[in-house]
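Taken verbatim from Swiss-Prot:
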type	residues	note
BINDING	409	DNA promoter binding site
BINDING	456, 1078, 1085	DNA template strand binding site
BINDING	731, 841, 890, 942	RNA binding site
BINDING	792	Mg(2+) binding site
BINDING	1119, 1122, 1137, 1140	Zn(2+) binding site
MOD_RES	937	phosphoserine
MOD_RES	1052	N6-methyllysine
ZN_FING	1119-1140	zinc finger
């Protein structure tokens, strides 16, 4: 490696990358990144970390199961029963396998799992050592090798997936799409994604100011032991507010109190120190205030010292804490023991849970108090909850590890219960039978299938929506879904702060892509080059620091701290160092050489506060930046040349990182670097803005996410428009995946003739938007022509539509399976007959074949039967005597959706997991654009089709070009989507030039002036205006019209799926009002506001008809004397009111059924509404 470097020592200046070369060079670097990483690497790496490290760690951390039978009181001497020890050791994960009902294993391919509704999972095996210890004999050890303990769902395209490392050709043979990124699971045939969950970083001290509470300031530390199942235990150190509710009259100044886990009341901070064994005031102050020459701070601590003056010994302090515990011990010894336990195990567990951690804990606690005092004195800024460096993202790895830990614990519990039963009877037990494999398999499957993250039994406590069904509308929507982030804040909270775009999100999270409405700003998406760390062990770093003259906290005198720099590793204070500058340089050098330190570790030096923080934990969001030294990029031309030939020389992104040219910087470290936006900023100028750059952006357009990268010229649009397009781009039709013909998706839209856009951004290459586009380049004119394009509607060219413009096909799949409910109830596919079947609908059963399934190619329409299925009726005792039962079966067939028509496209019959017959049927229907369908450009300019004119009625240019779409000029000024206009110009140039136009954001090489000049070179008007002729009259239209090719998308909202009306139809059982919703053929609600309007109109009869006659009319008989509903038998014309013994004076009242129901419900609660007839 060194020889190569020496050869390269020739003239450095020739090797620099010139700014004009940089335009191409940066994209070569970006391409190498995506070639190696892909777009879902953060999901795959996290899952691999779980399989390779976490599972083994969880299994090893579990204590061995120690069993002993209860002593049997036999006659004579009592012999010591044998002890059994079970230890779980090495784990093995096999390839994804499926066992058929006959028990034959076969490798399971993902597409088979999708089609047969199976779970794509791999079996997990473990070595178990069983030791039998009998008194007086030597212990007997038996190894149970590779015992099956459950199945783990496998993420597609991860290391353990069967598709990993296959070529495109192999993938095609397996019916998989080579472009599919993976990163999701297949659970019962449906694709599930794990959404990254945001949380506050653990083990870090935060100080916040409290408003309107008894505290002025609070410091908190959510402390969590690395890789353990223990819940986080939080400790708060707070300063009471002046004259607050909690202030005692006698106490002068502001006291400082701590809230400890499992201790009900707050404990004065000095008492906590004394309980840790630091008794003298001087000792305590040395741990809090490192510099005794600081009178202000000493003054702040004085009230706290005065308060704790009464308690001077450690045991008294421990007793003070113990007596405030959850259940205080009876004796003093018990209370002291309890307090010791809490301080050792529950307070700040990340500092240490073993014995003799008191010094470290005292220092950390002192640090917390010190930070609190600094904030109170205004010497240090308060922390920011929304700073992204204070956040961690839980991806598949940590989420699954959390679940697996719980499941494994349950498994061990069950094994213990099972084995104990046998041992108590004096027998040995069978290990294979003791392990309930369903616990792990079903537990993981349940959480992934429902999204309730946690134990099934405590479903209400679990987080909901962690796992979601992968969105397969467009390829972009799939990619975007795999890179989504979620903040678990209640959606109903009207808090603006967490929803706002924070400065620290630059380059990490897309600024445009977030949903509108209640989840705005809480659901985010990763920027293109952002990556989430998977976490590494801090031990090598700690060892390195030991060698590099870091002084341990146990060994120093507290006075030394004031001048030295504190070192934190993952939030835990490990020591101090005298020469921080040199230490940081060494650490950086090591990280860039990828020696000892992994490239995703972040190192922050806070010079003002004299702290160095090193983080190696999982879930930090980071991104690659180019390293600058002495105002020059370390990336040289030779690197670019090697990357250009990466097909031949295997030089990749990884080599760039290894040669120390690029490094990953996370949000916290980003605040300590000086970033140049382009290498141009590094050039020597007369007035240098900055001469200490340390890093340079690769390309500023990488701050955008998947959906925003598809927008051309997003830097020329008003920002909410980019947000609207990011949402609409996910609903556009296109080819969502190349193997759609072999998939049986519930819903799928496929465009007939998708085109790649004439105007693209460079980022689109990596999103595969050219291979799987979702739209058509249509000629768009901006004009008001006949007025049928007002209010965001568009006029379309009927002739173009007839030629296939924006025509699409819609697939819907139906699934059904046979099963056995009881011993006599079984469901079977067959063609039901009216003679033997009960409950058959008025529908056409003739299209079914004899096996009960419809044949492919048959045309079907609403309410036709597509799967015939019957269930045998159970035989009642009474019917056994009479031999001739009319009905032996009940019909439970599947019908086509009411409002749909189509042709049966494909029928698949197979066996499911239980070995029952199982079928899926796919129906296709052609959707031709019609009035009311929704279209949109790539700039948030959505519109519906207002009318379609034939080609001869459309305006035309002198060249004979007619537009496909005419949009209204009013759509532009107020929305300021200038990108839409520039795209049109650029598209016009591209069409003439015959090459794809570049519309990458923040690109100085392309501007409107340059495009306009090119356009005028081709003989067009500078700004794209043309003379148009009226299609109806043939006359010249007086004004010039802006016309050119613009990329349009057809969205999934179509009139055929929404049109709905009802005259009469089904009603609800309870209140006899019409059903709700199109799928149930429901009514249209005449709501409160509509009612108010009719009252204002004075249209009383109409109002009565809507709210009564057309809804739920009903007749009630009412007793004239008491006004309560009477008993009426209309057949025999007998009426009576039992209460009044009245049979004659009864009136008939008409009222809504809902009103009658309300009166009866009130009566059931002993309120009597009386209807007095006048």
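Indices start at 1 and increase along the chain as displayed.
Glycine is no exception: its Cβ is also placed from the backbone N, Cα and C atoms.
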With the DNA template strand site defined by the record as 456, 1078, 1085, how many Å span the farthest pair of C-alpha atoms? 38
Looking only at the zinc finger (1119-1140), mean pLDDT returns 94
Using the alpha carbons only, what distance in Å do you get between residue 1119 (Zn(2+) binding site) and residue 731 (RNA binding site) once rounded? 60
Does anything in the same chain, at least 6 positions from residue 1140 (Zn(2+) binding site), have a Cβ under 8 Å from its Cβ, and if so what? 1119, 1121, 1122
Residue 792 (Mg(2+) binding site), DSSP three-state class -> coil
Surrounding the recorded Zn(2+) site, with Cβ no more than 8 Å from the Cβ centroid of 1119, 1122, 1137, 1140 and those residues left out, we find 1120, 1121, 1123, 1124, 1126, 1138, 1139, 1142, 1145, 1146
As a test of the contact definition, list every same-chain residue at least 6 positions from residue 942 (RNA binding site) whose Cβ is closer than 8 Å to its Cβ. 724, 728, 792, 934, 935, 936, 1051
Once DSSP output is merged into helix, strand and coil, residue 942 (RNA binding site) belongs to strand
Write out how many residues of the zinc finger (1119-1140) are helix, how many strand and how many coil, based on DSSP. 0 helix, 9 strand, 13 coil
Given the binding-site residues 409, 731, 841, 890, 1078, which one's Cα is the least distant from that of the residue listed as 'phosphoserine'? 731
How many Å lie between the Cα of residue 890 (RNA binding site) and the Cα of residue 1085 (DNA template strand binding site)? 35
Ranked by the number of other Cβ atoms within 10 Å of their own Cβ, which of the binding-site residues 456, 731 ranks first? 731
Taking the residues 731, 841, 890, 942 listed for RNA, what is the greatest CA to CA distance in Å, to the nearest whole number? 49
Among the recorded positions listed here, 841, 1052, 1085, which has the most company in the form of other Cβ atoms within 10 Å of its Cβ? 1052
From 409, 456, 1052, 1078, 1085, 1137 (recorded positions), the ones whose CA sits within 10 A of residue 731 (RNA binding site) are 1052
